[in-house]
Each structure stands twice: as C-alpha cells, then as structure tokens.
C-alpha cells in the first residue's frame, strides 16, 4: 500500500512538472475576474454589468420598435427611420465605451513579493499615524513625504501590496488592488475607475446622458404631434402612444442620475480632483497640488495619452517550485528564502509560503521511501549518500517547525521495516 501511495505521489509530482506553466491571470492575487484567456479583466461584481447593459438596450429597443414607426406615420416621412438608426448606432457606441471602461486594467500597481528593506527608506518617512509613534509589523513607517508640484504630499504604505503607494493611488477593498489615480469603484460597470479607464468612464456617462435626452425629446415630439393631429389633450395622446409616455418618465428619471454624475465629474475635471480626493481631502479648503488651471486640467485628464498597462496578464508565471523540487531531490541543502525580521522575537526566521509546506511534506515522504526501499537515484553512490540526504531533510524539517510530523513519519517507516 505504501509503495502504491509513493508511486501515485511520484506520478502526481511528475504530472505537476509536466503541466503547462500558469499564466499571470491564473495566479492573480486580486479579486478580479478574467475572460478570454486574460484578455479582459473585470471586478468581482461584474454581474452588475448585465443589469447596466439591459437598462441601456431595453429602452432603445422599445423606442426603435414602437415610437419611431409612429413618428414616421405622423409626419409622413422617413424621420422615424432616421431617428431609430441614430439611436441604435449611438447605443452601440455607448456599449463599446462601456466595455473599454469595464474590461481593461484600470491602472493596477504591481505588487511586491516582499516588503522593501528598512534601509531603503529615506529620511522623509514619518511615523505619526501609528499608535504610540511606533513602527508597523514590517518595521516600516506608515507614511512617506513626496513633493508634487512643490507641495509635500504624504503617501501611505500598503500592507497588502507591500509597497508605498504612488501619489493619488489608493487600495480598492473590492478588487484588492492598488490603483493609480484611483477615482472610485463603480458597481454599475463592475470595475475600478482609475488612471487607465477614467476617460472612457466619463465618455460613457456623458454619452448615456445625451442618449437619454435624445429619446426623451423624440418621445415628447411624438406626443405633441399626436395632440396637434387629433386635437386632443395629453391624456388621450398617452393612450394612443403609451410607450412614449413610459420612455419620457424613464429617461426623465435616468437623466437626473447620469446627468448629475456628468456634471459632478465636469467639476472634478475642472479642478483636477478624483472622487476619492473630493470626499476625503476637501481640496476646496486647502491647496490642491494637482490643479493646473481649468484649461490644462481638461487637457491633462481627458486628452492625455492613456498609459500602457504595467501587467501582461497572459505572460507565463515564473514558478520557483521546480527549482525547489530539483534541489531537494538531488540531496542538496536548500538555500533558505529571503529573511524577514521578527521584531517581537528579536530574531530572524525563515519566510516560507504555505503552499511550499505541502511540497516539502511530499518530498520528505518520497525521500523516506527511497531510504526504506534502498532505491537511490543514479547520482547517489552507496547508502552513505542516502543517509546524508535523510539527515539534511531532517534538519530542514526541524528548521521549519515540522520536526514532529517528520518524526511520526519516520516511526511508521521503522515499524514497517520491522514487520517485514
């Protein structure tokens, strides 16, 4: 039974080594959802995007199918066909902009694999936000001071991404990423709004406002035409075209939402603020280091080049587990990973990832199986190499706090040998 278990474990290990390497989007640590092999990236609440699309498409369908033909009949012209064509084309344009807003990297800052070294922090760091003025768990100050257009700005340390956030960057708790020029997380598009998709977001909101005004205007024109043709009041006209009345009510309510949002973002752009900064810092009461003047602010926000993504989500992940496996199987003493300072214990401990512990257990089992059966790889000469390998593994297990499990496994192996 143990031989079969060891064989299956070896087969599993061979299958893992022969498996195709994972890509970045498959090993992504954020909460994002990927589609089309990592070509599209969405937030975890991407399902709300379906509701947003329906709220746009359904009214346009009713407008093109019910109101526009009635417009053509009342005016005895092709105005209904033209009105429907413009609405459909404009809606398709809005949906494309919505996809560009929701399905792309908003400006995610790459994470660090380990915290920066304390000696790399310059003297501009400060500790006022920590309780008692003490350093944090990593031994790093919470904030640093940087100059932006001659104004000192504090940037915070992100414990999740293990980096000092660039100016105007914030960590989104929904997507679990640090995003450059973070504006807000929009549930209607299911994505963070940041440096790389803010322009598309503004175009989407403002275009949706224009579409609401367009549908509202033509529905009202249709009702007025019915009232003039049949010499009736608004009530009877609504009976003749109830869809027009419903669309007028719907677009009137919607335009207060998207129109108000458009007006608010026009104000933010004119003052070069983000939604996050406006609610958190209140730059109207203090100096805004990013304000360049109304004209330059519009150019800087809406007409500047969209920067390239700092991530290649389809790139292959550099997996160090193969090096870990080969090093252990060849009987070498594994070089320890990067050290981290434990301030509470006053000593240095090895930082081992949780997933590596499982590999270590399986490798120890394989090594013990080799020692029990007397089977050795070709590069071992005699039983001495195997015993040296066993002692190295035992010391390695003790170093990582697995001595108890290792000793239990070793006792089981000895009992099996005694029974046989």
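Glycine is no exception: its Cβ is also placed from the backbone N, Cα and C atoms.
The transmembrane segment annotation in TrEMBL falls on one of the ranges 10-32, 79-101, namely 79-101. Feature annotation (TrEMBL): of 49-67, 106-124, the stretch labelled transmembrane segment is 49-67. Looking at 243-269, 270-296, 297-323, the stretch flagged in TrEMBL as transmembrane segment turns out to be 243-269.
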